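Listed in TrEMBL for this protein:
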REGION    1-74  region 'Disordered'
COMPBIAS  12-27  compositional bias 'Polar residues'
COMPBIAS  60-69  compositional bias 'Low complexity'
TRANSMEM  163-180  transmembrane segment
TRANSMEM  186-211  transmembrane segment
TRANSMEM  223-244  transmembrane segment
TRANSMEM  256-275  transmembrane segment
TRANSMEM  296-326  transmembrane segment
TRANSMEM  332-355  transmembrane segment
TRANSMEM  367-385  transmembrane segment
TRANSMEM  391-415  transmembrane segment
TRANSMEM  427-448  transmembrane segment
TRANSMEM  468-491  transmembrane segment
REGION    499-537  region 'Disordered'
Amino acid sequence: MTATLPVEVSRTAAQTLQESPSPQQHEGTGKAAADAVGDDSIALSSLGSSRPDSRVDLLPPSITPTSSSEHLVSDLEPIDSGPGAYKFLAAAALFEFVIWGQSYAYGAYEAYHSHNPKSPLYGKASQPALSAIGTLVIAGQHFVPLLSRGFFRSYPHWIKRTAFASIALSSACLLIASFLDSYVPALLVFQGILYGTLSGVTFTPVILWLPQWFDKRMGFASGIIYSGSGAGGTLFPIAINHALESVGFAWTLRLSAAWGLILAGGAAFFLKPRLPITRPNTRPRSMIRALAPEGLGSLLHPFAVTQVVLVVCQASAWCTISLYLATWTSSLGFSATTSTGVLSGFNAAATIGYLVTGRLIDSMPYLVLMSGSTLICGLSAYLLLGFSHSLPLIIIFSLIFGAAGGGFTTFFTPVSRSIASLFSQEVSPLYLAVIFIRGIAAVAGPLIGSALYDPTVSDYSLYGTKGFQGLVLFVGSGMALASVTGVIVIAQQKRLVKSGPAKSGGGGAREQVSAAASTTSGAGGSARRRSGEAENA
């Protein structure tokens, strides 16, 4: 995500604009104001060009050099605090609770279809087909934000209307799926692909507007928002399991559609940007070029590649456990209520992980935290999950694994900033690209896990019982590889700080890499540097 600036900086920009005495000086002062406000925040509001050499063009119409600029800019709500920021935080957390919480609770559906004769899919669908439904939901939620960014940047005034429409359509998809509950292809389309895609569109405004409200406390804000998914993943498995046992699969889908429409619709009503949005005066010259993702070439830099590998390894292992934990518990002979309870405990521990990690990355090197998180997850998979033949061991594993790895998505902000600092480019496309890449891993991981899991094995093996041996080794190895990759990235960071990347420009680049790659407070440092530049101007 990108960094936005405190209101004091914006006021400095407005004062600079007000002091412009003539049209000849107007262009220069407009550029100074754009430098003060910063291209990142404006670019993320999707209101202009993202080219680093056209900062004046990045200003939205409400902050362009006019005599009324001072009033409009100075009236912006404060960043990092204040009623507006906290209202946005609450609405975004509710979004996360509903959208991602339900997707993380899909393990309850899978356990029901696999082990309950009341399910219309019991004995009719293979394990890979059942897991594919939940996998497609998560994939759509990861893929859409990057692919829809160009559309929202070209038509920012449609963001909220599109969110409301997506909420209604996603609920309609679940409603349609409820009448086709015994047809796996139909469920793959409506409960999987379409519901996941529309959910991703619904959540995109949160990703686009969050950097407008939070800068120095971005880690704190991300932790609060992402903890909503953990809370949803805690409560929804219990609610879904109770509904499945009480009213069956079809009516559970209808109830999910109803509470999704009500809760997500309420969250969208209170969600708003900090910067004013106006309708663009001109249409993009090339629609394809306007909608296509851009600014992703820096992901080919070795420093970026290793961080992407780390994200892929962690996400593959994490999403596999998220989908198969309830199935593992059920395979040991425990009831569906117990299985969903274990899944809820796992997501509750992840909620704690979000909150703790979000606070830590505002003040500690994020690479150290990433390596430590994945190391703990890998060891718990090897030493606890592999020998989990009893309920206490499963519970201990789910709590440790969930708490250690639950907050991993909060690392995406510093990861994106550290890469963007190498090329002095916009952060938002890189952040969305990291989410997209995680989505690929979220699809590939469970598919690999389903290939390694053999449900026909009925004996209690010493390690990886009931056909789960290959899955355990896959999860543990993925987390271990992620931890080792984190150490490699730390070494790369140290080399970059010493030498500076070629394209970034010497000592300035070294300073940027050191600040951005060490902690998320690099964004605050960037804001303070720009504030000083604006005052000098």
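A Cβ is built for glycine as well, from the same backbone N, Cα and C atoms used for every other residue.
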Any chance you could find the range in 256-275, 296-326, 391-415 with the most Cβ pairs under 8 Å to the transmembrane segment (427-448)?
296-326
Please check if the transmembrane segment (468-491) comes into contact with the transmembrane segment (223-244), where contact means 3 or more CB pairs closer than 8 Å and the residues in each pair are separated by 6 or more positions.
no
How about long-range neighbours of the transmembrane segment (367-385): same chain, 6 or more residues beyond its ends, C-beta under 8 Å?
310, 313-314, 317-318, 321, 357, 360-361, 393-394, 396-397, 400-401, 404-405, 407-408, 411, 472, 475-480, 482-483, 486-487, 489-490, 493, 517
In the same chain, which residue numbers or ranges, 6 or more beyond the ends of the transmembrane segment (163-180), come under 8 angstroms Cβ to Cβ?
186-187, 190-191, 194-195, 198-199, 201-202, 204-205, 249-251, 253-254, 256-258, 260-261, 264-265, 268, 271
Interface present between the transmembrane segment (296-326) and the transmembrane segment (186-211) (three or more C-beta pairs under 8 A)
no
For the transmembrane segment (296-326), I need the partner stretch with the highest count of C-beta pairs below 8 angstroms, choosing only from 223-244, 256-275, 391-415.
391-415
Under 8 Å Cβ-Cβ from the transmembrane segment (256-275), and at least six residues away from its ends along the same chain, one finds 4, 41-42, 45, 47, 60, 62-63, 76-77, 79, 84-85, 87-88, 90-92, 94-95, 97-99, 102, 159-160, 163-164, 167-168, 170-172, 174-175, 178, 202, 205-206, 208-209, 212-213, 240
